[in-house]
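Trainee: One structure follows; several queries about it will come next.
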Amino acid sequence: DILAAFRVTPQPGVPPEEAGAAVAAESSTGTWTTVWTDGLTSLDRYKGRCYHIEPVPGETDQYICYVAYPLDLFEEGSVTNMFTSIVGNVFGFKALRALRLEDLRIPPAYIKTFQGPPHGVQVERDKLNKYGRPLLGCTIKPKLGLSAKNYGRAVYECLRGGLDFTKDDENVNSQPFMRWRDRFLFCAEALYKAQAETGEIKGHYLNATAGTCEEMIKRAVFARELGVPIVMHDYLTGGFTANTSLAHYCRDNGLLLHIHRAMHAVIDRQKNHGIHFRVLAKALRMSGGDHIHSGTVVGKLEGERDITLGFVDLLRDDFIEKDRSRGIYFTQDWVSLPGVIPVASGGIHVWHMPALTEIFGDDSVLQFGGGTLGHPWGNAPGAVANRVALEACVQARNEGRDLAAEGNAIIREASKWSPELAAACEVWKEIKFEFKAVDTLDK
């Protein structure tokens, strides 16, 4: 069975048992009345069952309801169908004040019907010939308004300075000021020039997201013809059907696939209603993607440390034990499905590098947009500053130093022999984003 953990807030007067049963019925075989066609099938075989209910600590009107769904309710290899059933009409149910899907347990039998990520962590490292450290990226800013040629210039400066990747912003598609084909051409020129100068393999996430699946695939085909290593998709706004189609194309044609989670906070940020991001992360691993944005813990975007590390493990590891202290409700076995690299992006700069290296480890992408292009000397020096900071943190970690305790000292030591890093340290020494997270663990 597929197991689901729902956070249920019933209307006043509705007992939790009734609310849990209603969720199970409405998201499987049930409707609001008995119908004569119920007798034409075996409902006991197909109906969802609410098998356990527990109160939420610290809340008087919230319950975690566990529901089991028989596998025959779901089409093989379709995240779209899985979500249509489990989180379809039930979220508008009048008997509930709020409903949130906290976690899913996907059984190996269903996982084996999915291709998953086009390539996975190890294949990506082999393609890029980069080992032993996190990868470095940068989102090109301003996100909208640059011409294709100026956009390509910004890409080149970042890549030659030492970054592994640059990135289209999620809302860069094909606008009047920069059509997609022009952007692809100038970015390809930039990365080939940077590769020739540095001797390193470089990439730019070319956003293939489009208004139709056909147009999206056309853009991915052109990227492959240019010989670039990676394309990008906005998987929530683009949709799971489009994402799975693109992931299959990328597997068949040797392209890596970077995934942006634009629109996720509309769905996952409120603690009592919606879908938790750990579920969206699991769905992405099934649908397919080699990278996905996962929050930073230390930057400008929402993300508590324990919760973030919980779904980072769900993205990367083969087997994850149940651990409620990190928000993981079920043990998950991914069998042979490749892993996804988490991307830390949003309001981060060189002073965050020790914490990011310690939190996310080697199999991650650390992405500095403003933290690269905001350098007072320009894009290339900004890239140099980030690369020097990263190499210093990795070396210190490998020597046994404690990044959490000595992080600032490590950055200061490195800045003594890197003027680019010293300038970056001076610019961002006072920049902090210290706000309390909205989505926290139940205690």
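A Cβ is built for glycine as well, from the same backbone N, Cα and C atoms used for every other residue.
Here's the feature list from Swiss-Prot:
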BINDING   Asn89, Thr139, Lys143, Arg261, His293, Ser345  substrate binding site
ACT_SITE  Lys141  active site, proton acceptor
BINDING   Lys167, Asp169, Glu170  Mg(2+) binding site
MOD_RES   Lys167  N6-carboxylysine
ACT_SITE  His260  active site, proton acceptor
SITE      Lys300  site 'Transition state stabilizer'
Trainee: Spatially, and counting Cα to Cα, which of the recorded positions is closest to Asn89 (substrate binding site)? Options: Lys141, Lys167, Asp169, Glu170, His260.
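Mentor: Closest by Cα distance to Asn89 (substrate binding site) among the recorded positions Lys141, Lys167, Asp169, Glu170, His260: His260.
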Trainee: How many other Cβ atoms are found within 10 Å of the Cβ atom of Lys141 (active site, proton acceptor), counting all protein chains shown?
Mentor: 16
Trainee: Judged by the number of other CB atoms within 10 angstroms, which among Lys143, Lys167, His260, His293 is the least packed of the recorded positions?
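Mentor: Across Lys143, Lys167, His260, His293, these recorded positions, the one with fewest Cβ atoms within 10 Å is Lys143.
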Trainee: Cα within 10 Å of His293 (substrate binding site): which of the recorded positions Lys141, Lys167, Asp169, Glu170 qualify?
Mentor: none
Trainee: Should Asn89 (substrate binding site) be counted as helix, strand, or coil on the basis of DSSP?
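Mentor: DSSP call for Asn89 (substrate binding site): helix.
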Trainee: Given the binding-site residues Asp169, Glu170, which one's Cβ is surrounded by the fewest other Cβ atoms within 10 Å?
Mentor: Asp169
Trainee: Going by C-alpha distance, which of the recorded positions Thr139, Lys141, Lys143 is nearest to His260 (active site, proton acceptor)?
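Mentor: Nearest candidate: Thr139.
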Trainee: If one measures from the C-alpha of Lys141 (active site, proton acceptor) to the C-alpha of Ser345 (substrate binding site), what distance in angstrom results, rounded to a whole number?
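Mentor: About 13 Å separate the Cα atoms of these two residues.
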Trainee: I need the CA-to-CA distance for Lys143 (substrate binding site) versus Lys167 (Mg(2+) binding site), whole Å please.
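Mentor: The Cα atom of Lys143 (substrate binding site) is 10 Å away from the Cα atom of Lys167 (Mg(2+) binding site).
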Trainee: Taking the recorded Mg(2+) site as Lys167, Asp169, Glu170, identify the other residues of that chain whose CB atom sits within 8 Å of the mean position of the site's CB atoms, giving them in sequence order.
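Mentor: The answer, listed by sequence position, is Thr139, Ile140, Lys143, Asp168, Asn171, Val172, Tyr205, Asn207, Met232, His260.
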Trainee: Tell me the Cα distance separating Thr139 (substrate binding site) from Lys167 (Mg(2+) binding site), rounded to the nearest angstrom.
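Mentor: Lys167 (Mg(2+) binding site) and Thr139 (substrate binding site) have their Cα atoms 5 Å apart.
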